[in-house]
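*Asks:* Quick paste from TrEMBL:
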{"type": "REGION", "residues": "1-31", "note": "region 'Disordered'"}
{"type": "COMPBIAS", "residues": "1-11", "note": "compositional bias 'Polar residues'"}
{"type": "DOMAIN", "residues": "57-103", "note": "domain 'PAS'"}
{"type": "DOMAIN", "residues": "146-198", "note": "domain 'PAC'"}
{"type": "DOMAIN", "residues": "199-271", "note": "domain 'PAS'"}
{"type": "DOMAIN", "residues": "274-326", "note": "domain 'PAC'"}
{"type": "COILED", "residues": "324-351", "note": "coiled coil"}
{"type": "DOMAIN", "residues": "358-576", "note": "domain 'Histidine kinase'"}
{"type": "DOMAIN", "residues": "595-711", "note": "domain 'Response regulatory'"}
{"type": "MOD_RES", "residues": "ASP644", "note": "4-aspartylphosphate"}
Amino acid sequence: MNDQRSTSRSKPLSVADAMQGPTTAPPDLNEVDLQYSTVRYGRPAQDSAEETESVETQVQLSQVLDAATQVSICVTDMNGIITLFNSGAEQMLGYRATEMVGKRTPAIMHLASEVERRGKELSREFGRDICGFEVFVAYAKAGKFERREWTYVRKDGQRFTVNLVVTAVRNAAGGITGFLGVAEDISERKRSEQALRKSEERFDLAVAGSNDGIWDWDVRTNEVYYAPRFKELLGFRDDEFDNKFAAFETALHPDDRQRTLEQVQRHLKEREPYDVEYRLLTKCGEYRWFRARGQAIWDETGQAIRMAGSLTDITESKRTGVALEQNAAEIQRAYETLRVAEAEARKAVDERDQFLAMLSHELRNPLSAIRNGMGVLGHVHADQDAIEHARKAIQRQVHHMSCLLDDLLDVARVTQGKIGFRPRPLDLNELMLESAEAIQPIMDARGHEFSILPDPESVAVEGDPTRLLQIIENLLTNAAKYTPHGGKIAAVLEKQGDFCELCVRDNGRGIDPDLLEEIFNMFFQSNHALDRSEGGMGVGLTLVRALVEMHGGTISAKSDGLGKGSRFVVRLPLTDSPASPSDKGIAAETGGTARVVLIEDNQDSREMLQTLLRLDGHQVESVEDGQKGLDTILQQRPDIAVIDIGLPIMDGYEVARRVRKHFSKSEVLLVALTGYGQEQDQEAAYQAGFDEHLVKPVNLEKLKLLLQQPRKPR
């Protein structure tokens, strides 16, 4: 038995050779009972029974170790000589046990560089030189347990990673007789871990690149993992934002909270997609816009147990979106404005064409009458009645053309805000009577019954007499034109509290009720006036409304329909200031013959005006250019000088400036005569030294009033 035990000790044990019985399942490395690695050798035999038991134990142990085909098990002696090499080691390393038993392990299955590196680490740890085989067993000798990753080298040179556990093999007395090395191939796990790491790195890189914040919510505990980037998006450090769902709820904007939480519940319960935008409060106290997307996980009962997702800051895109919406709205408004402007432009072109047609008509009619009248005046057989009739017709048509031009110029001035306006206290009764007197010839010519009903008391208003006369005369002229021959027209003035009302009514053609507002628009013409027999360019009422509004009043048109007449009501505020007498009254008290210098380069205009003034008894000297005119004024010192502006050699402004160096207003009255009637033209004339500004064709009545002004005795 002793010889047999000696033989068994002197010959290395091959597990493959010893494996005769049935194999068992490989043991779990984490649960290997180290008592199996305590292989006892050299124990003295007590008797044959004990020896038999020992051999049987060794056989059983060999069978167990050999059955562990998924792990490599090697046993060495104290010097590292392999004494046991199981079938798992054979499969793992590609060697047969017969090739390995009796060999030294490090040189065969390990990388020298790894062994050397680990030896240096252990040398520093233990304070002595450790190398070679001792690198693997230093911990086991010290009674310590060590599990460590090593690189194994297969017989074919292939390398792979193992988890190696080395423990001491002890005899019955507890002495170390060798070492047991159990290795598990973890190369597949390492590859999986590496793949996982790469996947995580890619995920982390993608998340970092997307600038998103990740969150992971445990629905059952309400614990939430907020990634550092999530908190960073809100301006917090990792330790400043509580990992609770309540922290998220608190940060939600009050206007977004209910909507967002309802969306979360719909996702958890109804599995609707979770993609929502909301505002969160940041550390600095401002709300920023975020987009959250997430996905829940449900258990086998359908209960949500977990939900994870991402958070993206969309504040800038929101602002950009708002800006784009604003830009789109502005573009839409601009488009609408352009569309309206285009429509208005088309309308303006149509109105312009209509206006030019009307202007041509309105100018040709009086010119035709004037030409025919001139023919009558020059006819050899014309008697006195025919001549008088022609003279009155010419006078009416000239007045009509003058009014047309005045209206056009005044409308232009009103449009530009440059119309002259010199208000003072006036009695509107007097102005109404004066207008009625001026318009009476038109009423008589059309056979109208015309009545004037002034207020019994003085009606004091603050106004410009010229503009108020325009208002009244325009309304009366319209009534006369649009009332058939033999109609009834009345002008009524009465006080109404703090206002007065001037009503001009007629029994003429009337107005379509749908057009009562439009008739005050520029160039408006009613459809029934296609025959153009009444005349007019559709600017009169536009001008009237503008002038009324300049006086702080209102104007309205009323009619019961076509054929039922019309009423125009002007409402003006009264004033407490006493009314001053009208200019007409003052002029009527003056008279006499005036000495006049007329400077006009147009020969026909100069000679005709000179003749008219001489017929009225005035002394007139006329010249054709500015220099001669200045010389004549300085030599004769007339009462009045009527000066055209557009003169050769020296213009009218310069003439006036030089005259004023010698004569004051009380000595010589300077009257500008020009075809330019804008507000700036009047101002330029006054600045040059003119006292009055008359627009061609000259208003003879106004000129006569100027000639009748009191003059300083010489």
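Here the Cβ of each residue, glycine as well, is placed from N, Cα and C on the backbone.
Unlike curated entries, TrEMBL annotations are predicted automatically.
Values in this document were obtained by computation on a predicted structure and should not be read as measured data.
Tell me about the surroundings of these features in the structure.
*Replies:* Model confidence over the domain 'PAC' (146-198) is summarised by a mean pLDDT of 91.
DSSP assigns ASP644 (4-aspartylphosphate) to a strand segment in the three-state reduction. Cβ environment of ASP644 (4-aspartylphosphate): ILE599, GLU600, ASP601, ASN602, GLY652, LEU673, THR674 lie under 8 Å away, each six or more residues apart in the same chain.
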*Asks:* Could you give the number of helix, strand and coil residues in the domain 'Response regulatory' (595-711) as assigned by DSSP?
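*Replies:* Residue counts in helix, strand and coil order: 51 helix, 25 strand, 41 coil.
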